[in-house]
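S.K.: Shown below is the structure under consideration.
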Amino acid sequence: FLLLGFPALHYQECLIAITFLASYLVILAGNLLIICLVLSERDLYRPMYFFLCNLSSLEIFIATSIIPKAVKSLLMGSKAISYPACMAQCYFYSLLGSIEFNLLAVMSYDRYVAICYPLQYPMLMNSQLCLQLLLGSWTAGFLVTIIPTILFARLPFCNANRIDHFFCDSVLLMKLSCAETQTVELISFLASSIVLFGSLGMTAVSYLYIVNTILRLPSASSRHKAFSTCSSHFTIVSLGYGSCIFMYVQPSSHPVFRNKAVALLNTLVTPLMSPFIFSLRNQQMKDALKVSLKR
């Protein structure tokens, strides 16, 4: 068994547990609301909202892979986690995170087609292509995480069994191994870099074309409307990429406390804010919500 690191004082643990639990419930409610709206309102049967619905599902899965175990450990006082459960948590967290970044890149491509080729958009972004892009995101996420996970699972662990974190993070767990880990660390670093910078590159190129097209629009109202369709996605992209690049593509000498803070932003704050960003800043989502409430 491994031990997760939490504050020693009981009242601190209770306060953290309540915060985690309340945030988790809001994450579930907000993202489930988006999923229900997209599925129930025919006005939202568009590629943008199809991808948004899948993004909300990923946010729920990521939060569920981390928060319930952390809350249970805090409230029950038992901070032990079995080795198989720890490895499963590491794998699903990495897998779901990789898929999410791929999906964010796909969403940026969708916005690129919508703004740069508005007349051809319905034909280019048809249902078959949307499904292929979604399956491609899942497949690429699986392929890029499976090899580092297999190598990581074969490492022997015979030293300390305490992880100074609120979940099984692979970076810290690797430090507990009593074998040479340079090869595994290098492969994990390359895999993380491929996911992060590959999807970030696609997103950046899409936004370069988007901005160039928007600036050429004749009226200010047209430019404002075009920018508003991308603002929510751009906000989530900035939060997600910034935190993960800081965590996983960095020197190993960074303080553990800083890693915890960034991990908290990525696993709790971003999924918590995502429903509000996409709903409150999107007029079609607000209209769909008003229609649903009137029924």
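Just so it is clear, glycine is given a Cβ too, placed from its N, Cα and C backbone atoms.
Per TrEMBL, the features are:
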type: TRANSMEM; residues: 15-39; note: transmembrane segment
type: DOMAIN; residues: 30-278; note: domain 'G-protein coupled receptors family 1 profile'
type: TRANSMEM; residues: 51-71; note: transmembrane segment
type: TRANSMEM; residues: 91-109; note: transmembrane segment
type: TRANSMEM; residues: 129-153; note: transmembrane segment
type: TRANSMEM; residues: 186-210; note: transmembrane segment
type: TRANSMEM; residues: 231-249; note: transmembrane segment
type: TRANSMEM; residues: 261-280; note: transmembrane segment
S.K.: Of the stretches 129-153, 186-210, 261-280, which racks up the most C-beta pairs under 8 Å with the transmembrane segment (51-71)?
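M.R.: The listed stretch sharing the most Cβ pairs with the transmembrane segment (51-71) is 261-280.
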S.K.: Are there residues at least six beyond either end of the transmembrane segment (129-153) with Cβ under 8 Å to its Cβ atoms? List them, or say none.
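M.R.: Beyond its ends, the transmembrane segment (129-153) has Cβ neighbours at 47, 50-51, 54, 87, 90-91, 94-96, 98-99, 102-103, 105-106, 109, 170, 174, 183-184, 187-188, 191, 194-195.
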S.K.: Taking all residues of the domain 'G-protein coupled receptors family 1 profile' (30-278) together, what is their mean pLDDT?
M.R.: 82
